[in-house]
């Protein structure tokens, strides 16, 4: 392992910082609601459905609002063409807890939450002739409107739904100004299969595969020569000697534990101090890391066939001597990162974010490595617990899922942490994004990269090695993650809950069956034991 030249050392530190912020969560950036245990009784057996509330103010259509149907009441159509458009009117009294003072025939009734049961509000609105009832919540969440124990037989024949406080305030503002507000309600059905999740899965697996095979893809001749030398070194001395021109950071057992603890501290800081300026700083770090990762990838691809292009160099202030090609590529990458930063709130910004993120992760997996299965077990088992705790257990302590809140960003400013891949759900009427955190790619990616190196050094046929099977296991783990996401109605999943058993568990099982687990567990351990003061220390 070589000593660090200053620019590379600074970049490695940046990579480690961004890795600490590599969230491990698969989620859907989507509308959601607060679940409650609701009683079922005759007339109170409806499934909760998300509702689109189209609205017009003096004939001008505005952005649609989101609602949630009650467990009782009439069903809504699934397409707008089958829905009816009615004017909106506030009830009197506003809570709809007693007989209404005026008729509401041909109107959609608006009521505030509180003072009586939801079923009672619906009965009074229906008795006044309302075509539907919208209950305005006293907070931004949408709560499930169920039935009371006494509602043993309920017959409400109008649609009933809840909208958020901000949606109610927007409607109220228009109506206070004596504007004519009309509403149209329908509940679009989501597609049974989310095709964009498949694209995200391919991106994640593709990133890991490309990173693991990067040397073979960019310089196969040199890679074969390097692995031949490594194989001789391992067989004769039990040690590994990395490319002297390539900076490698091997994670140790202590470093693996420290890494997860530090990541948890970062996560809590983001949870408590999430603000636009904090996210700005992290986004700038992301841009720098992604830009340099993109530079490394573009340079490697160009030099694979055209090495002579890097011969001409130029000396620059502060930067020192660099090739003209590298300078031009840096300018292009800088322009790309700046353009994305400026346009990061646009509907197409996900493309630039994913490109920068993938470039960053491919480069990170070249810089940071696992030396053996022992360190991999410590790191991935700690990450396994870390993921489950911050997604599923943290709500019991912090009243919210810390991981999901941080991944979704600050809704008040529109800023979000960019350390995740995301793709818009093109075929979903509700829109939103499917997302996967960097951690769900980097943690298993470190293990799969180790498997690839091990297979190469041992000259394994692909079917008799570890790389192919761990890659398949990773894909299966991601499939299970999105199955869990689907079964839990889009609520964020700790992806490592599924990925770690399908990758690390599979590696251990294969090692046991092949009688190689001891070698995998202690692989390269002699290098650490024979370490001398003159040699660079592995990263802690």
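Using N, Cα and C of the backbone, Cβ positions are placed for all residues, glycine too.
Worth saying up front: this structure is predicted, and the values here are computed from it rather than measured.
Taken from Swiss-Prot as is:
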type	residues	note
TOPO_DOM	29-194	topological domain 'Lumenal'
DOMAIN	98-172	domain 'PA'
CARBOHYD	155	N-linked glycosylation site
CARBOHYD	172	N-linked glycosylation site
TRANSMEM	195-215	transmembrane segment
TOPO_DOM	216-250	topological domain 'Cytoplasmic'
TRANSMEM	251-273	transmembrane segment
TRANSMEM	277-299	transmembrane segment
TOPO_DOM	300-321	topological domain 'Cytoplasmic'
TRANSMEM	322-342	transmembrane segment
TOPO_DOM	343-347	topological domain 'Lumenal'
TRANSMEM	348-368	transmembrane segment
TOPO_DOM	369-377	topological domain 'Cytoplasmic'
TRANSMEM	378-398	transmembrane segment
ACT_SITE	387	active site
TOPO_DOM	399-429	topological domain 'Lumenal'
TRANSMEM	430-450	transmembrane segment
ACT_SITE	440	active site
TOPO_DOM	451-466	topological domain 'Cytoplasmic'
TRANSMEM	467-487	transmembrane segment
TOPO_DOM	488-492	topological domain 'Lumenal'
TRANSMEM	493-513	transmembrane segment
TOPO_DOM	514-540	topological domain 'Cytoplasmic'
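Averaged across the topological domain 'Lumenal' (399-429), pLDDT for the predicted model comes to 81. Taking every protein chain shown into account, 155, 172 are the glycosylation sites, and of these the Cβ with the most other Cβ atoms within 10 Å belongs to 172. Least packed by the Cβ count within 10 Å, out of the active-site residues 387, 440, is 387. Cα to Cα, residue 155 (N-linked glycosylation site) and residue 387 (active site) are separated by 45 Å.
No contact links the transmembrane segment (430-450) to the transmembrane segment (277-299), because fewer than 3 Cβ pairs that are 6 or more residues apart lie under 8 A. Cα to Cα, residue 172 (N-linked glycosylation site) and residue 440 (active site) are separated by 44 Å. Counting residue by residue with DSSP, the topological domain 'Lumenal' (343-347) contains 0 helix, 0 strand, 5 coil. Between the transmembrane segment (467-487) and the transmembrane segment (348-368) there are fewer than 3 Cβ pairs closer than 8 Å, counting only residues 6 or more apart in sequence, so the two stretches are not in contact. The DSSP breakdown of the topological domain 'Cytoplasmic' (369-377), given as helix, strand and coil counts, is 5 helix, 1 strand, 3 coil.
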